[in-house]
2 protein chains.
Amino acid sequence: MITDRIRSFLDERRPEGPCLVVDRDVVRRNYDALHHALPDSRIFYAVKANPAPEILSLLAELGSSFDTASVAEVQMAIAAGATPDRISFGNTIKKERDIARAFELGIGLYAVDSFEEVEKVARAAPGARVFCRILTDGEGAEWPLSRKFGCEPSMAVDVLTHAHTLGLKAHGVSFHVGSQQTNPGAWDRALASAAEIFRDCAERGMTLGMVNLGGGFPTRYLKDVPAAEAYGQAIFDSLRAHFGNRIPETIIEPGRGMVGDAGVLKAEVVLVSKKSPTDEIRWVYLDVGKFGGLAETMDEAIRYPIRTERDGTETAPCVLAGPTCDSADVLYEKKPYDLPISLTIGDEVLIECTGAYTTTYASVAFNGFEPLASYVI
Amino acid sequence: MITDRIRSFLDERRPEGPCLVVDRDVVRRNYDALHHALPDSRIFYAVKANPAPEILSLLAELGSSFDTASVAEVQMAIAAGATPDRISFGNTIKKERDIARAFELGIGLYAVDSFEEVEKVARAAPGARVFCRILTDGEGAEWPLSRKFGCEPSMAVDVLTHAHTLGLKAHGVSFHVGSQQTNPGAWDRALASAAEIFRDCAERGMTLGMVNLGGGFPTRYLKDVPAAEAYGQAIFDSLRAHFGNRIPETIIEPGRGMVGDAGVLKAEVVLVSKKSPTDEIRWVYLDVGKFGGLAETMDEAIRYPIRTERDGTETAPCVLAGPTCDSADVLYEKKPYDLPISLTIGDEVLIECTGAYTTTYASVAFNGFEPLASYVI
């Protein structure tokens with residue numbers, strides 16, 4: 001959303017070139033809403049969504065914990081003020097020497113989804129707590145979820161048993177229902193699996209204590225999404241149904257849901273043209289594209305809201321593309337985007353809900369273009 | 001290809017983490033082969049493919065010219081020793097202030113594909129030469145070619161006329177037959193269009209002088225590709241057929257064909273695991289993936305040759321994935337990749353033909369991972 005603070009910043013600073021502006025007040029509001037909707041869950045912010053130091057330190061102050069994907073992210077969370085007990089190493093694919101570095105930094109909570117990873121953690125972080133990620137189908141999610149992370153639920157019991165045998169603390173189960181998950185009921189099936197794993201582990205003498213509900217909490221792009229409360233209620237109902245009165249500790253890992261709508265990407269129209277005089281459709285080229293931060297338009301998966309100074313005037317569909325010499329740098333073509341007919345070269349364009357998965361996705365310097373600049377206000 | 005120089009460098013330096021190593025001798029050989037195959041064409045190296053300063057300065061010494069996509073690339077080419085008359089601003093999407101900056105730097109050759117872009121060039125680079133890019137269908141190319149660049153050939157005559165009217169020098173026509181173009185005959189249809197534009201312009205009193213044959217020259221990934229000579233011969237035959245004895249000046253813009261096979265990406269196996277005990281297929285996770293430089297595996301478009309220390313032993317198909325917490329970071333899944341069954345955690349993996357479109361595609365720091373390191377030897 002284009003808050004007054006973001007609008008004022010852009011008007012006063014007039015930054016040259018494309019840039020992301022993130023309003024910390026919106027992040028704070030999102031944190032409060034998630035905390036309110038799931039009062040019994042610890043929040044582990046997914047650092048990868050946007051690791052800007054100002055965002056991390058704000059969340060650290062608010063009491064958030066942090067889900068990290070690499071040693072560098074562990075270090076960022078610590079630099080932002082989080083103590084190691086508030087940091088999990090949530091990547092299931094870790095080099096053994098990175099586990100050792102994280103362990104040295106005090107990290108005691110690790111994700112695994114295979115026997116091989118358990119063995120690395122046992123060697124490099126003896127006695128640490130591990131949770132096993134299980135596969136889910138990602139139905140209802142807008143960003144593709146592959147089978148990359150997680151094992152079959154039936155295997156998770158053996159993976160946790162292996163951890164236990166090697167002296168680790170078999171701590172719980174995690175899953176991810178898919179990013180930008182618009183169905184609050186999506187957690188139910190995974191929670192049923194988790195409860196079954198809890199029971200099977202108990203039969204083997206291991207008491208699991210935690211369910212990591214993952215991320216997936218959506219941000220509002222063009223379509224309305226359910227409010228945080230709806231997720232809180234649905235998840236609570238499922239926990240009740242599957243765990244009865246022995247509800248475990250739960251944690252959530254919001255990334256997009258925490259920062260997505262806090263950011264606005266300012267871009268500029270570089271060219272508006274047609275491929276032939278008889279073409280029905282215009283091509284609108286911006287100074288930012290797939291390689292400058294808008295990678296999530298891949299397969300036109302995420303459809304960002306776009307505001308222009310000419311909103312309210314007549315619109316027509318256009319193909320929207322980025323500025324690089326790469327033919328794959330097209331944002332929306334299969335389903336063209338409606339923009340004002342009067343839109344012209346030099347116009348400012350504001351792309352909303354770009355607070356997550358933009359700055360870090362940006363290429364180093366593809367075509368010589370600088371990576372996306374970012375301001376947290 | 002893994003040259004002796006690359007192998008020695010890796011053995012002696014043992015760089016930590018994933019990195020690209022480019023052998024300048026291979027670049028030199030590719031330059032010579034292209035120069036020999038198309039002796040009458042000027043070579044404009046497509047800087048975007050790999051802008052490493054050592055590569056640019058080698059090519060500048062060899063006599064190459066440079067195709068650039070941004071002011072930053074113009075500056076890199078100048079820094080490498082190229083005089084401005086050896087540099088074209090080949091992006092059809094340019095901010096007017098960037099055209100002005102390039103013009104100040106002495107650049108006199110610009111790509112256009114629309115009336116609107118012609119007007120910007122006329123204002124910001126008065127009197128400059130322009131060439132108009134036309135659309136082609138990209139049949140036979142392995143990297144997707146969209147309609148992003150170029151206009152219908154019938155419109156190009158009007159675009160060039162507009163340039164002429166505004167005081168620019170209508171210099172020629174360009175096209176691109178698609179990256180990794182494996183059919184040497186692909187240039188024929190575009191050259192027929194170009195010849196027609198030359199005739200139509202001549203009727204309006206404009207003498208065009210140049211055809212920019214673009215890039216598209218392939219590098220050898222897993223399948224054999226025709227040698228440079230085959231392209232030279234096919235293009236020469238087409239020029240003869242369509243331009244008769246008035247063959248214009250031609251330029252080519254190799255990027256991948258110049259540096260692709262000169263680079264080897266060293267990676268490490270981070271994890272080998274299965275999703276369930278009964279799964280037929282292994283998942284092999286490397287420390288480099290789609291966001292660390294291998295973006296061209298998008299839709300599994302480019303299939304790199306991969307060498308391991310265990311080559312020659314029994315293989316089985318596996319899914320190959322990158323190290324980030326992003327489910328889209330999977331390299332080959334639809335068509336799994338055959339790798340040795342004995343491949344294990346910690347093994348070195350060499351990904352060949354990664355000299356082009358890797359270092360610059362790499363993300364700034366997605367998941368906290370450093371961008372791809374690069375060594376030009």
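Quick reminder: no glycine exception, Cβ is built from N, Cα and C everywhere.
Curation does not apply to TrEMBL; its annotations are automatic.
DSSP assigns A:C325 (active site, proton donor) to coil, not to a helix or a strand. In sequence order, A:N367 are the residues of the chain that are 6 or more apart from A:C325 (active site, proton donor) and have a CB within less than 8 Å of its CB. Annotation comment: TrEMBL describes A:C325 as active site, proton donor.
The domain 'Orn/DAP/Arg decarboxylase 2 N-terminal' annotation in TrEMBL covers A:26-259.
Per TrEMBL, N6-(pyridoxal phosphate)lysine is recorded for A:K48. All chains included, 28 other C-beta atoms sit within 10 angstroms of the C-beta of A:K48 (N6-(pyridoxal phosphate)lysine).
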